[in-house]
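As recorded in TrEMBL, the features of this protein are as follows:
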type	residues	note
DOMAIN	2-100	domain 'Coiled-coil'
REGION	1-22	region 'Disordered'
REGION	43-67	region 'Disordered'
Amino acid sequence: ERRERERKLSKEMAEKATKELEKMQLQEKAEVKYKEWLKKKRAEEAEKKKKEKEKEKEREAELQEKKARSEKIFKEWLHNARNKPRPVLNGYGFPHGKSTGLYFYYTYVVT
């Protein structure tokens, strides 16, 4: 009886030891998988940040180009505006640059 109890105890201890060993192995596998997942996630984040920076640089370059183009067009317009002939203020109905009542009267009367 005593030997049988000792055998049972040793058998139970062996089973506990194997369960503990299996549990530890599962934990180690889980840690390894978690580390791999974490490494992959960090690599994805780094790639995402890199792409965002590239897009931001492209946007800035486009804005710079657009600004330069618009400044060039404005300077051309300004240069051309100086050379354009001015409208005649003393034309019909505008003697000395002011409108006359008579001119406006005739423009609104339908004949």
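Note that Cβ sites are derived from N, Cα and C of the backbone, with glycine treated the same way.
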Hey, which bits of the same chain come close to the region 'Disordered' (1-22), Cβ under 8 Å, at least six residues off its ends? none
By DSSP assignment, list the helix, strand and coil residue numbers for the domain 'Coiled-coil' (2-100), in that order. 85 helix, 0 strand, 14 coil
